[in-house]
Amino acid sequence: MALPVEEWRLYAARCWAALEPVLRERLAAASLHDTLRLGCGLLRPEATAVLRRLCRRAPAGKEPAAARFYREEGNRLFGRRHYGTAVRLYSQAASHEPPGSPEVSVCFANRSAALFHLRCFEVCLEDIARAESHGYPDRLLPKVLLRKAECLLCLGRLQDAADALSVVENKIAMDGIMTSPTHQTLLKKLSQLKIKIHEKESCPEPARETCGDIQRKSEIWEENDSISGASSSLSLNFDRERGRHLVASQDILPGQSLLKEEAFVSVLCPGESRLLQDSSETVWDTRVTNADLYCHRCLRHLLASVPCRGCSYAKYCSQSCADMAWEQYHRTECSLGALLLTLGVFCHVALRTVLLAGFAEVSRMVECSHDDDRDLHNPEARCKHLSEAPDTGAGTRSIPGCNDNGQYQSSYQAVFNLLHHAEKHSPEHKFLCMLSAVAVCKQLQEAGLEAAVLNQESSEKWSKPKTCEKTSGELSLELKTMAEAMLRHMLQLQCNAQAITVMQESGSGDSAVVNKKPVRLATALFPVLSLLNHSCCPNISVLFSGTAATVRASQPIPSGQEIFHCYGPHRCRMRVAERQQLLSQYFFECRCQACLDELESDVKSVVSMRNSFCCPSCRAPVQGEEMLSCSNEACAISVSRESLSHRLRDLQQQIKKALELLRDRKADQAIKMLLKCQMDAGNFLSPGHLLMGEMEDHLAQVYATLGKWQEAARHLERSIEIVEMHHGPSSVEMGHELFKLAQILFNGFAVSEALSTIQRAEEILSVHCGPQSTQIQELQEMKTCLSELPRSILQRT
């Protein structure tokens, strides 16, 4: 959630409405500095009480009762052999155990057992080491050490496995009593593992050959001297109309890498289920969210998380990531978890940005902005001044965000100089952001964290979050500077935040055909990526890997043409009027070529024509606004748009129920319902409507779960026709659909069709995602397996 919770937004709105009209006018016209100066004292004790109550709905501290609940739930699901879910629950349990609690070692040991059953042997070994280091009970240690030996055996590390067994044998012998059932079971297991090690030593397994020894293509890359992370094929320009923008300095081919940038700052989007409703009873949430699936620092996918030592919310992929996060920002954020969840991701990103930059750099940039405000109050005049400035030799030196050498780097200076559009935001929104920034800084001051924020104490003194006596009164000058920078960044984010998305598997995950959908993972600031202006028909694709973004050309870009990113809906997904309305949040009216063509043409947009209704009687297209008339003169049918829209909503509900049946493994019922939906849709939707394609896609998914590959391929091919009609033959959407078709044909042993589909999918996805992408690697593996089949089989298919 980008903005604060609704109750805080409503409270801020009431506070704004209650201000004296003169003060509202002054705040509305004030600079960021004056907004903080005027508004700092407006955070009343009542507001603090409201925030305290709201924070109780977003618990982020250690809670032993929650740890017991999650551990017991994990044990219950482990007993039912739901090992993947058990791993998540043991991770939740570990995150709620207080530092030094002996129970945390039990969580790691239990999780190692689930990981072993999932055959995740390396990660299992890591958890066993964690259990040992956290003081796992000595009487239970032999069982865990036997698991360690078995993991090492499975990994082929025979000597290490033998050494582990010797440790277990000595430990059992030291226990003395050798007749208990537990000891007898351990001895039996020990004996079995010794035999397995001896057998493997006597008959070593032949070295495994990699499937076709797939060659990974290396990308040619020459970095730009003036723009960090950018290709030398780009140049940075500035003019009054377009502001900062990137232009091709040479002809660019489809698939060519243009930019590789690490986010300056990123914050994981937690998921709605983190926020609980007001209730007298505590209900622990077992639903899985982004916060459970991805590292809170590097955004890598988590299997067995390392919990923060101070809070239950932050989880990491390794102890190294946890330590780096602590050093860079989390030692300050740790005790503010509930407040940051309440105030939203934008506020969290703003705080983390100033923490990463450090107070010295933040103070320097804020002071420079005050000088600029005194010199040029009018932003338009400033743009004009910059656009008319003479070339100083560096070429880009006068462009905002560039350093003294004329270089535009992914730095705090570049972040600070992103446009904040303070004069265009509503006064109410600026007031909400100001109150939120002040609330965070007040909490830092009251929690005794000011010295850490200002980098005045070494990290050794902050090995644990500390508290001190709460202070009252207004913010210190230093924290006011931090609050002003935070306010600036919160306003910048509306136009400059980048959603980091990942392709996440949907469904149960045990299907032979992987169905993925894009999911928003985090909110980030990429200073160089932010240079790209918007077009509803962009000429690039952006792919994320962890906190890194890679930009590739999605079509030929001639020298001199601007590089365009799509901020919002693509022209293929929405009509121009709807696009323009959504894009207004970025404070510009889109005048891209796609919008101009559609606005100036009398012909209906492609989206309107394809996603249209048809006559329920003769199925010809219908025309009109509120009342729709059949375009077939021989048919006099008229029908209201509202009634057809109602039918469409009902149809979407039926499709949702069919997918629920599929998730409950009731495939036959799902097919029956989807076929009925398809028949109903044909009576009032145009044949090329996107929903018609979605139903074909769902039917393909159901038939694939039943192993009926031919039927699945037939339905998916129909879906692909509609996707191509809407998005184009070389779109990334086509690539994803062809990838699914390749999986179906591969599983159905349709060799020649599979090979040709794989080739088409590779050609498209290599342009948008690059040769190193997971999907490309999987396609190459499928192709290698098919190509190595005996010639007699290939000739028959």
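Keep in mind that glycine also has a Cβ here, set from the backbone N, Cα and C atoms.
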Annotated range (TrEMBL: coiled coil) out of 221-248, 641-668, 753-780:
641-668
If you average the pLDDT over the domain 'MYND-type' (295-334), what number do you get?
94
DSSP helix, strand and coil counts for the domain 'MYND-type' (295-334)?
16 helix, 5 strand, 19 coil
